[in-house]
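A.B. asks: Residues or ranges marked as domain 'HMA' by TrEMBL: B:82-148. Residues annotated as transmembrane segment in TrEMBL: B:165-188, B:208-228, B:240-257, B:263-283, B:425-443, B:449-472, B:740-760, B:766-791.
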Amino acid sequence: MSVIYVLLTISIIVAILFFVAFIISVKNGQYEDSYTPSVRMLFEDELVVKTTKEKTPKINPTK
Amino acid sequence: MEKCYHCGDDCTSTIVDFDEKKFCCNGCKTVYEIFSTNNLSYYYDIETSAGATPNIVEGKYDFLDTTDISEKLLEFKDTNIQIINLYIPHIHCSSCIWVLENLNKLNQHISNSQVDFPKKTVRISYNPESISLKEVVLLLTHIGYEPTISLEDYNNPKKSTNNTLLYKLGIAGFAFGNVMFLSFPEYFDLASSAKNGGEFWLNKYQDIFRWIMFAFSLPVVFYAAQNYFISAYKGLRSKLLNIDVPIALGILVLFLRSTTEIILQWGPGFFDSLTGLVFFLLLGKFFQQKTYSFLSFERDYKSYFPIAVTRILPNKKEETAPIHDIKKGDKILIRNEELIPVDGVLISPISRIDYSFVTGESEPVTKVSGDKIFAGGKQLHSAIEMEALKTVSQSYLTQLWSNSIFKTNKTSRFQSITDSIGKRFTIGVLSIAFLATLFWLFYNPSMALNVFTAVLIIACPCAIALASPFTLGNMLRIYGKNKFYLKDTYTIEQLAKIDTVIFDKTGTITTAKKSTASYEGYSLTKEEEALLKNTLRSSNHPLSRSLYSMLSEQNIVTLDAYEEHLGKGIIGTKENATIKIGSASFVKNTSTKDAKNTSVHISSNDAYKGRFIFKNEYREGVSNLFSKMSKTLKLAILSGDNSGEKSRLEKLLPKLTPLYFNQKPEDKLEFIKSLQDQGKTVMMVGDGLNDAGALAQSNVGIAISENVNVFSPACDGILDATKFQELYTYILVSKKAMNIIKWSFLLSLLYNIVGLYFAITGQLEPVIAAILMPLSSISVVAFTTIATNFLGKKLR
């Protein structure tokens with residue numbers, strides 16, 4: 001039954017991995033601005049659409 | 001009325017047609033042109049009329065060409081890349097984010113720009129070899145996103161955020177989850193023994209489970225919970241029993257008893273409760289820490305003052321000099337709309353200075369050559385020259401900040417409700433613990449230590465410590481949604497204790513935007529009215545603008561002649577009719593001194609007609625608010641203005657409301673202090689720099705702001721001007737919030753009594769503690785959240 005050591009080690013390693021991921025994300029400033037990325041992810045391509053003079057349906061990401 | 005396609009304002013005087021769209025002015029049209037030629041017109045699709053009219057003042061940003069100054073502002077500097085973080089108050093919608101992050105389409109030398117929406121900042125990386133910092137700022141200004149660069153930014157471009165609490169919360173949560181997991185076998189008594197039906201292999205390996213739990217609890221006790229130990233130690237050293245004393249005691253006892261238990265193999269210990277307790281406590285702290293990152297509550301004159309001014313050298317050359325370098329005797333050039341940074345003497349023949357922010361005087365003051373002018377005023381129209389008499393830090397206005405009140409921290413001056421409960425609670429818990437131990441010492445000495453530690457563990461005031469942060473933290477958010485932005489939860493506690501409210505007049509109970517005027521004199525003919533309106537149309541003077549918007553609509557005609565005499569008045573001619581509009585001396589050639597009222601005089605064909613008298617417009621509901629408040633609170637008005645409005649105020653406000661006029665900033669501060677010496681809890685409601693001392697001295701200093709993004713002095717809270725009449729409701733709600741806290745104290749005490757029963761009778765099993773502690777915390781959090789949300793619904 002010493003497999004319990006293996007299981008415990010694996011579970012703790014997985015937990016520690018997530019914990020390290022959390023620390024890294026805080027260090028990278030992911031928690032400093034939690035609003036702008038949510039708006040930004042809805043943009044990106046608009047510029048191309050406009051240069052081809054196509055009418056784009058109006059979207060309103062803030063509402 | 002047509003709305004401007006760019007900024008959404010009403011197109012009043014002129015309508016500019018361009019590309020089948022209507023614009024209120026050429027500025028707005030130009031921005032549209034820039035956007036559409038650069039394929040950025042999607043800007044108008046995301047959010048309609050999100051723009052701002054660009055306000056370009058020639059030479060305003062020349063100081064950015066001075067390397068000494070620009071270096072202090074930059075966040076990063078290299079030969080081919082520079083990074084600057086600029087604060088842009090106009091950022092308010094997704095259109096703004098989109099266009100500012102596409103700056104590289106407008107100028108290829110800008111490599112990257114990133115918006116931080118909550119902070120209203122944009123971080124721009126650019127190549128300094130092809131575009132200078134000044135050009136970047138000018139580009140932003142030209143598209144209506146003018147950054148605010150003030151003396152405050154000088155020397156500290158990098159503001160590091162404090163993530164310690166997040167780390168601690170992460171560690172406590174991580175340990176809590178894992179320890180809970182590892183103690184599961186113990187909860188179901190699986191590990192008792194093979195004979196009792198327990199699992200053999202869990203029984204065999206229980207030591208490893210326990211020691212892993214011990215390992216997880218180490219960072220929680222020694223890192224995540226360290227602030228509680230420090231605070232308790234500080235409290236004890238200053239002979240104060242704050243709420244952190246029983247908490248620290250609880251954590252310590254939990255850790256020591258659990259460790260002893262696993263070393264001596266008595267049982268599994270209370271590591272689950274220990275980590276859970278710290279996690280919940282930190283969660284409360286995190287929730288309480290609501291900051292409005294786009295507001296600043298600590299501002300002093302520095303965020304209002306420019307970084308640099310134009311200095312005129314003896315050889316008539318101009319140079320940009322940092323404000324701190326201005327010495328006595330320097331000649332300075334102040335442009336239109338610029339701020340006077342130091343006290344000095346006016347050299348130019350005439351100037352009009354707006355002191356409303358400093359003194360509370362509502363009308364601009366006219367100064368002539370040789371007059372003394374004070375720092376903080378804003379020059380209106382044209383450029384003036386002045387000679388400095390003092391340095392910045394010695395000027396009349398800035399000296400207010402050397403008062404000691406600005407150096408003391410308000411939170412340390414008063415005791416919070418949790419701490420005042422904490423004192424009684426600690427005494428109660430300790431006496432129960434000692435009594436129970438004493439009893440067991442006689443009855444069954446082997447149980448004595450067990451009971452003593454159990455009482456301290458179960459009585460650890462986790463739920464009590466959570467009641468206040470969750471109630472007040474949630475209230476802070478509810479107030480924020482209702483446009484009442486408070487600095488911290490502590491302010492709500494003070495708000496509930498208020499018994500005296502002092503108001504400033506100008507800008508606080510009067511509006512800055514509107515003013516009303518009444519006409520006195522011979523009535524004007526139709527032709528004269530038309531000529532008056534058309535003449536005013538050409539003038540940019542603030543009084544002309546507001547008078548123009550008040551007069552009835554007239555056909556637009558082109559004048560034959562129009563003259564503007566700076567600081568005096570205007571003359572308009574059409575065919576053979578001439579109209580003179582302006583000051584008494586200009587229109588009548590006699591100077592009648594009526595300093596208390598602002599009036600505009602009119603004469604037609606050199607025959608005196610009459611005058612428009614301007615009055616302060618009071619905010620909607622002032623009278624109503626005052627009469628409601630006067631029932632329970634003491635009120636007073638403290639104004640820096642003259643007593644011209646005294647009789648009107650007396651009519652408007654409840655009888656016997658004390659009115660004080662001509663109050664200097666120091667007078668206001670001293671007035672509040674004297675009230676506090678009489679034992680009053682004072683709230684100051686103000687708006688300008690002249691109230692800064694009073695706001696800092698008062699128990700709760702609230703700044704009224706027409707636009708919360710623009711400047712407001714250091715204060716405890718910022719109230720949006722549109723919500724001014726709700727002020728009393730907000731005070732009443734804060735009192736109710738304090739009642740919610742008291743009720744949740746009661747609720748958590750009930751849990752403590754149940755827990756104490758188990759502890760005193762010596763039956764406290766780890767599983768009971770593990771159930772009771774989170775349960776009491778969660779029910780207190782649930783109760784406060786529901787109750788405060790219920791209060792919040794009433795607000796709307």
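Each Cβ is built from the backbone N, Cα and C atoms, and glycine gets one as well.
Could you give the neighbours, burial and distances for every feature on this list?
C.D. replies: Beyond its flanks by at least six residues, the transmembrane segment (B:165-188) meets 199, 202, 206, 209, 212-213, 216-217, 219-220, 223-225, 268, 271-272, 274-276, 278-279, 282-283, 285-286, 289, 766-767, 770 of its own chain at Cβ-Cβ distances under 8 Å.
Packing against the transmembrane segment (B:208-228) from elsewhere in the chain are residues 168-169, 171-172, 175-176, 178-179, 182-183, 185-186, 191, 202, 244, 247-248, 251, 255, 258-259, 262, 268-269, 271-272, 274-275, 278, 281-282: each is 6 or more residues past its ends and has a CB under 8 Å from a CB in it.
Non-local neighbours of the transmembrane segment (B:425-443) in the same chain are 241, 243, 245-246, 449, 451-452, 455-456, 459, 461, 464, 756, 759-760, 762; each lies 6+ residues outside the stretch with a CB under 8 Å from one of its CB atoms.
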A.B. asks: Helix, strand, coil: count each for the residues of the domain 'HMA' (B:82-148), based on DSSP.
C.D. replies: 22 helix, 20 strand, 25 coil
A.B. asks: Average the pLDDT scores across the domain 'HMA' (B:82-148) and report the rounded value.
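C.D. replies: Mean pLDDT for the domain 'HMA' (B:82-148): 86.
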A.B. asks: In the same chain, which residue numbers or ranges, 6 or more beyond the ends of the transmembrane segment (B:263-283), come under 8 angstroms Cβ to Cβ?
C.D. replies: 165, 168-169, 172-173, 175-176, 179-180, 183, 186, 191, 206-207, 209-210, 213-214, 216-217, 220-221, 224-225, 228, 247, 250-251, 254-255, 257, 457, 460, 462, 465-466, 766, 769-770, 773-774, 777
